[in-house]
Amino acid sequence: MTMFQYYKRSRHFVFSAFIAFVFVLLCQNTAFARASSNGDLPTKADLQAQLDSLNKQKDLSAQDKLVQQDLTDTLATLDKIDRIKEETVQLRQKVAEAPEKMRQATAALTALSDVDNDEETRKILSTLSLRQLETRVAQALDDLQNAQNDLASYNSQLVSLQTQPERVQNAMYNASQQLQQIRSRLDGTDVGETALRPSQKVLMQAQQALLNAEIDQQRKSLEGNTVLQDTLQKQRDYVTANSARLEHQLQLLQEAVNSKRLTLTEKTAQEAVSPDEAARIQANPLVKQELEINQQLSQRLITATENGNQLMQQNIKVKNWLERALQSERNIKEQIAVLKGSLLLSRILYQQQQTLPSADELENMTNRIADLRLEQFEVNQQRDALFQSDAFVNKLEEGHTNEVNSEVHDALLQVVDMRRELLDQLNKQLGNQLMMAINLQINQQQLMSVSKNLKSILTQQIFWVNSNRPMDWDWIKAFPQSLKDEFKSMKITVNWQKAWPAVFIAFLAGLPLLLIAGLIHWRLGWLKAYQQKLASAVGSLRNDSQLNTPKAILIDLIRALPVCLIILAVGLILLTMQLNISELLWSFSKKLAIFWLVFGLCWKVLEKNGVAVRHFGMPEQQTSHWRRQIVRISLALLPIHFWSVVAELSPLHLMDDVLGQAMIFFNLLLIAFLVWPMCRESWRDKESHTMRLVTITVLSIIPIALMVLTATGYFYTTLRLAGRWIETVYLVIIWNLLYQTVLRGLSVAARRIAWRRALARRQNLVKEGAEGAEPPEEPTIALEQVNQQTLRITMLLMFALFGVMFWAIWSDLITVFSYLDSITLWHYNGTEAGAAVVKNVTMGSLLFAIIASMVAWALIRNLPGLLEVLVLSRLNMRQGASYAITTILNYIIIAVGAMTVFGSLGVSWDKLQWLAAALSVGLGFGLQEIFGNFVSGLIILFERPVRIGDTVTIGSFSGTVSKIRIRATTITDFDRKEVIIPNKAFVTERLINWSLTDTTTRLVIRLGVAYGSDLEKVRKVLLKAATEHPRVMHEPMPEVFFTAFGASTLDHELRLYVRELRDRSRTVDELNRTIDQLCRENDINIAFNQLEVHLHNEKGDEVTEVKRDYKGDDPTPAVG
């Protein structure tokens, strides 16, 4: 192959030097082998006799068993030597016969050029019968199949011969290393090695002879490599030319078959149209009607024959495609296995990718098969109706008795018989069509399956194979000469004779685009004025609307369209100019039009007093900065656009493209410098969403990663990823515009709701006769006051849309990452169907584990909250139930995520369960309290003795439950202090839940009255105070009890119930005040302890009363 010649020349010197070095080593090893063998190796008969003698012995010692094994291995080695010598002889014979085979192939190839004239061939074929032609078609198909098989065999052998130098190099090097080890062992120079047994020495000498035979065979194969390659190439050229001749011959045969079938069909049709009756009978209306039906059937028969011929040709074409695809699949696997990691492999892969059949070239046969079945069913129904000709004719003659006589009756019978024959032939043709359509569908399905598999293999391999040389020092030194050669190879050709008419037609086709662009430019002033009108309405409650921002963005989009339309029109003209790069320029113009549409729209939105400033409220300084950045980034992206188109349409041109490699590298470096400040600003913005930060960070890191790929030679991979990266940038820009538009729409809606509420309050004040102040015209509401549920649902839909579009951009490259499954990191033992197997943990498994961890983290962060907003908040659930559900859901996500991650890394559940059991036992003792609190937390969530919002008392702490976590529960006491209590306390200690099932609680107010008080009056006073209080429940009724005779009081208790816990303190306060007031009004003394002090002098007969001088500070004793 020509694509291998450069590669072979570049390796010639390396192989020559390596073969010379190995030859010197082999001469030394061969001389030593002959000197140390002390003659020839023992014969097989001698060895077999010794082995038989050992086998006859019943009891063998350990030494005898070793000798027995040595003899068996030596016999096997001698067999291999004989086989290799035989293969070497065959190789020599094959090399000797190669020139004669090449001469024969050359002569046969020359003979093929003297082909017969097509006209003479057609004349000869026209004399053959249809059966003879069909026999020749079958024979030609068999010959073509054999030729395709020979071509596949020759291609496979050529691949093996072209990649033989690498295999010979590795084999001879390994053999020389093994010979060196055997020589050292036979010499006894290895320190610490035991002495060789005689049988073991013979075995090693046999192994030495085997290696020498293998090396001799490899050397002979390398010597005959060029001759065999030339012979196979010539044979392949002959088979290729012969296949083309057979295909042409098959086409002529098929044309002859089609012509023969069509002639027979037309003859039948003519017989149907012109029966042997008189013109008078044919003029009969009934006969004429039936003859017209026969004529229609004859036309259907001709059409069916033509369709059958087309299906036959399509079958042949698809069958050839299928054979070539299967051959390519076999060859590509061998080439990948041998040439893995070389630049030659990338060239081969690019060529194979260009020859893949497209699905657009295949016809969908499902509907056609269904139509054929339906048509055949209708034909069979018509045939069944004609089974009894007389009955059918009699039925036709009903109602036409005046027009029918015996001659007309006979004519109708003849017409019906002819129709039956036509239907039989039509049914046969439809059956043949159906059979060929089904075969064609099967072949197409096989072809698409093989093509899909081949495309997947090519996509994976091309993506992970370096397409260019690395940008190292050698690349830099060779850059000037490589650049000079690249400029010399650039040629742009144009066929002016064919180009001018096509350019005129393309100009007419592009004229509507130019007219639309001119119309938009003409109405540009009106569009700007209308946009300013929309901008002036922003902020006004009477004129502002949620549609104002989409309208303004649509106007900016229309303003950006003229340049896009002009680019497309120019690209259309270049496409028709018959340039050798017309297709490339047309594809680039389409990408450039989309590029301008997105970045032009962004430029218009960010202009002074544009949508970003007037609608989104961005500062003008910030929009100016972003406009400058967009200009710089867009200019840096243009070369990447062009070379990404080259990578899609003509990847072979990238192989020696040092200019593109250097330009893309420095463009990516420039983009990295431009994008990184934007990423830094987003991280400094504290209001940025996490997903937005992650997206911008990834988009900023990608240029640096692409630079590394370009520098290491993965130029094609860089361009493929760069194209998707640019499309992702488009998505981010459009998504941000949509995001800001939605947020402004929600803000406008919130302001309108607030305005309506203000108007409603004003109307209520007017109705009540209290006219308030005029409400402000434009009440402002911060974005944080927008309904949070609506905002979160909107964000969920926005991110879902972003995910769908992101998948649509990158889905065609997802399959390339399956290549990571071929990179094994480590192994582990597993079971399948009860059998122990060794499984691999690949790079793909590690990537899946990372993605699963990220997905689990995202679900833990967002799913419980979204579930609360979307579902739980709309259900009538008990207090705290939604919190329990979301918490348990978090635990489930963590468990499933951990099992998925560990399972993908080779830690299956059957291993995890023992680990979990061991950890449970070990940690159960060391972390007993923590595990106890964790289990208690689960009990609390499931059994729900306490819930979020319950008022509880545990020990000396009382308050409201605010949080239930894995280890502890948080209680907010009545002093608004948060108390952290371990979960175990709620399960093991006594707990008072004041609001578990009912918030009704009892209050006890104790009162002591003085001795001598009217007890019945006291009872009435206490009951009156309780029954008249609005918060005291009447069922159960308040009760008063005289509980005890105190030291100085008559003790009473007022027992009553209140509905809510928050009413307890206020009710006690108000009842105490009421009771005090009623006791004063009813002369009931509330008793209290009194103490009298008497002072005696030393004699004991004088009492001194202490009186306080209220004018001074010191008491003045008074003696009385």
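Note: Cβ is positioned from N, Cα and C throughout, glycine not excepted.
Annotated features in Swiss-Prot:
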- 1-33: signal peptide (SIGNAL)
- 34-499: topological domain 'Periplasmic' (TOPO_DOM)
- 43-98: coiled coil (COILED)
- 126-266: coiled coil (COILED)
- 360-422: coiled coil (COILED)
- 500-520: transmembrane segment (TRANSMEM)
- 521-560: topological domain 'Cytoplasmic' (TOPO_DOM)
- 561-581: transmembrane segment (TRANSMEM)
- 583-603: transmembrane segment (TRANSMEM)
- 604-634: topological domain 'Cytoplasmic' (TOPO_DOM)
- 635-655: transmembrane segment (TRANSMEM)
- 658-678: transmembrane segment (TRANSMEM)
- 679-692: topological domain 'Cytoplasmic' (TOPO_DOM)
- 693-713: transmembrane segment (TRANSMEM)
- 714-728: topological domain 'Periplasmic' (TOPO_DOM)
- 729-749: transmembrane segment (TRANSMEM)
- 750-796: topological domain 'Cytoplasmic' (TOPO_DOM)
- 797-817: transmembrane segment (TRANSMEM)
- 818-839: topological domain 'Periplasmic' (TOPO_DOM)
- 840-860: transmembrane segment (TRANSMEM)
- 861-886: topological domain 'Cytoplasmic' (TOPO_DOM)
- 887-907: transmembrane segment (TRANSMEM)
- 908-921: topological domain 'Periplasmic' (TOPO_DOM)
- 922-942: transmembrane segment (TRANSMEM)
- 943-1120: topological domain 'Cytoplasmic' (TOPO_DOM)
- 1057-1081: coiled coil (COILED)
Report, as numbers and ranges, which residues of the same chain sit near the topological domain 'Cytoplasmic' (521-560): CB under 8 Å and 6 or more residues beyond its ends.
-> 596-597, 600-601, 603-605, 609-611, 614-615, 737, 741, 744-745, 748-749, 751-752, 755, 777-779
Kindly say whether the transmembrane segment (729-749) and the transmembrane segment (635-655) touch, using the definition of 3 or more Cβ pairs under 8 Å where each pair is 6 or more positions apart.
-> no
Take the coiled coil (360-422) and average the pLDDT across it for me.
-> 75
Per the Cβ filter (under 8 Å) with a sequence gap of at least 6 from its ends, the transmembrane segment (583-603) is approached by 553, 556-557, 559-561, 563-565, 567-568, 570-572, 574-575, 627, 630-631, 634, 637-638, 641-642, 644-646, 648-650, 726, 730, 733-734, 737
How many of the residues that make up the topological domain 'Periplasmic' (714-728) does DSSP mark as helix, as strand and as coil?
-> 14 helix, 0 strand, 1 coil
Contact set, same chain, for the topological domain 'Cytoplasmic' (604-634): CB under 8 Å, 6 or more residues outside the stretch = 532, 535, 538, 548-549, 552-553, 556-557, 559-560, 595, 671, 674-675, 677-678, 737, 740, 744
